[in-house]
Amino acid sequence: MENKTEVTQFILLGLTNDSELQVPLFITFPFIYIITLVGNLGIIVLIFWDSCLHNPMYFFLSNLSLVDFCYSSAVTPIVMAGFLIEDKVISYNACAAQMYIFVAFATVENYLLASMAYDRYAAVCKPLHYTTTMTTTVCARLAIGSYLCGFLNASIHTGDTFSLSFCKSNEVHHFFCDIPAVMVLSCSDRHISELVLIYVVSFNIFIALLVILISYTFIFITILKMHSASVYQKPLSTCASHFIAVGIFYGTIIFMYLQPSSSHSMDTDKMAPVFYTMVIPMLNPLVYSLRNKEVKSAFKKVVEKAKLSVGWSV
């Protein structure tokens, strides 16, 4: 990547300059991050430890937890550090690295959500063919494809953004190096770069959402065809909670990325990324895993084993 700029560092202005909000936010964000770490890493360890959870659904869940942990960790610690130190300077290369990591794992999540929706479609709508449809090879290809798309997409957007010249202001009106917030600082013509951003993001979201919407449409139809209310009530509730989480993720990303930078009000737009960088990674373990009986059963086994170990040691 060729550095065509005179700017060697950026200044992150943070989420807010309101002194009254500094303490509440400083308390809230570490709390959210701790829940995110415990929830996502706990799910990964639990799925790895319990052989009963070694199936396609939990394979994708463990990858989703890993992705949530990675892209949340690329942003949240820097936000928390910003509350402690006045100097919120980030180097040019560190800014590019943060953008790359965040975009890569956010894109991976985009395609993992589509893979998970297809997996649920196969399980609910084609249960007799589920084991032959979602084979180990198919799951591995879907996961690897998600990661490849993520890293390719991150390369496109990071290269596209940092190929611009930054020769004026270096103050990023954001709490991390998000693409629109950095791109708006460019003193060169960014029209082509904005079109690349909009078209590539639109393509990624369209493909994933198409798979998700088609899968869940067939799932809802299949569930509603079930004659017993007690049978379809639980899967309907589960699918609804999944759909809400997916809606928040895509709604905030569409709001941020599918508009030209001239339409952005950075003070307003800082709130949407809070959801997809901090809130969604915290909620996903609760929505997708911790409400599941198999996960709860595996967790109880771990607790009972820990109690026995403590008992023997005493």
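Each residue, glycine too, has its Cβ placed from N, Cα and C.
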Would Swiss-Prot have VAL23 on the same side of the membrane as MET226? no
Neighbour count check, CB within 10 A, over disulfide-bonded residues CYS95, CYS187; minimum at CYS187
Under a three-state reduction of DSSP output, how is CYS95 (disulfide bond) classified: helix, strand, or coil? helix
Taking every residue in the topological domain 'Cytoplasmic' (119-131), what is their average pLDDT? 90
Tally the residues of the topological domain 'Extracellular' (153-194) by DSSP class, grouping H, G and I as helix, E and B as strand, and everything else as coil. 19 helix, 2 strand, 21 coil
